Amino acid sequence: MLSTLMKLLSACLWPSSSSGKSSDSTGKQDGLLWYKDFGQHLVGEFSMAVVQANNLLEDQSQVESGPLSTLDSGPYGTFIGIYDGHGGPETSRFVNDHLFQHLKRFAAEQASMSVDVIKKAYEATEEGFLGVVTKQWPTKPQIAAVGSCCLVGVICGGMLYIANVGDSRAVLGRAMKATGEVIALQLSAEHNVSIESVRQEMHSLHPDDSHIVMLKHNVWRVKGLIQISRSIGDVYLKKAEFNKEPLYTKYRIREPFKRPILSGEPTITEHEIQPQDKFLIFASDGLWEQMSNQEAVDIVQNHPRNGIARRLVKMALQEAAKKREMRYSDLKKIERGVRRHFHDDITVVIIFLDTNQVSSVKGPPLSIRGGGMTFPKKI
């Protein structure tokens, strides 16, 4: 028991070796690519892959399957989290460490899973990171400009809950009864001001600010600074007391603001799982910059399950190389940091829905993080 615990701790604290010989229980590493080709969750199978582009990996992710509360009585199910950080990895790491724990606590209080449980978990996580920023502001003020998108899926009792802030995306592959064709259905709402309806929402929330969204270098940005309108963190755009010196000038807004510019409130939807619902693709926007929803669904539908997340990542990288008129083999040689000029960090989790298991109560517990590691808690 003790040796098993030590192995798990070791896997959590240090990345897998680049040789790819690491235990498959925590995934394998191949250069900047980490992958868990195949595993079992409570209601089916899953595949997971992450490729790093930033100097420090800003994408964090997790799959948890088994008890979704602190109670032995449950509820039981599967939790998927994709946390695409920006400005640094601190917020996405914080979310990875705290959101699921908050969800378990609130699910225990209500003895069930619900939209309210998920909303409270987001609120507690946002409040927790605000506490980190408040504490570190005197010595590390730039942490006020670090944030993360946060996409969550919860499968529980035959229901699927999708919650999101930011522009990561969850897509369902559903078989059409008449033809058997598997079509892509986007389940998550995105909060990126490149979308006209999101720009309109920002204008309606801030009618007195004609510069709430600005076109800068041909890209729409909130206050000319950030593309997303909702996030965890980014406290410098939520509380005016963190938008001043000693924060870097590039993050500071000239005119004071009285209400938050960005929101941390998730859009949450409920979906009753149907027999024709075949699989779910959860991914950070690094994937969706390279392929459409239907292209991703077609790839998953037409290839073996084993290694399918890694295949999606590889095809996204091939597309990124093609856009830059270079060979995929040459792209793979580019080091982290420099690689960010060619593509973003990419995280993909594919969850297969075996409907005969969807309403099952218990199963073997699973807990895995993208990259096969966490980091020593410094915040």
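Note that Cβ sites are derived from N, Cα and C of the backbone, with glycine treated the same way.
When ASP37, ASP72, ASP84 are compared with the Mn(2+) 2 site residues ASP285, ASP344 in Swiss-Prot, the one appearing in that site is ASP84.
The DSSP secondary structure for SER73 (phosphoserine) is coil. In the three-state DSSP scheme, ASP84 (Mn(2+) 1 binding site) falls into the strand class.
Sequence-distant contacts of ASP344 (Mn(2+) 2 binding site), defined as residues of its own chain at least six apart whose C-beta falls under 8 angstroms from its C-beta, comprise ALA53, ASN54, SER284, ASP285, GLY286, GLU289. Taking a C-beta cut-off of under 8 Å and a sequence gap of six or more, ASP84 (Mn(2+) 1 binding site) has these contacts in its own chain: GLU58, ASP59, SER92, SER148, CYS149, LEU151, GLY166, ASP167, SER168, SER284, ASP285, GLY286, ASP345, THR347.
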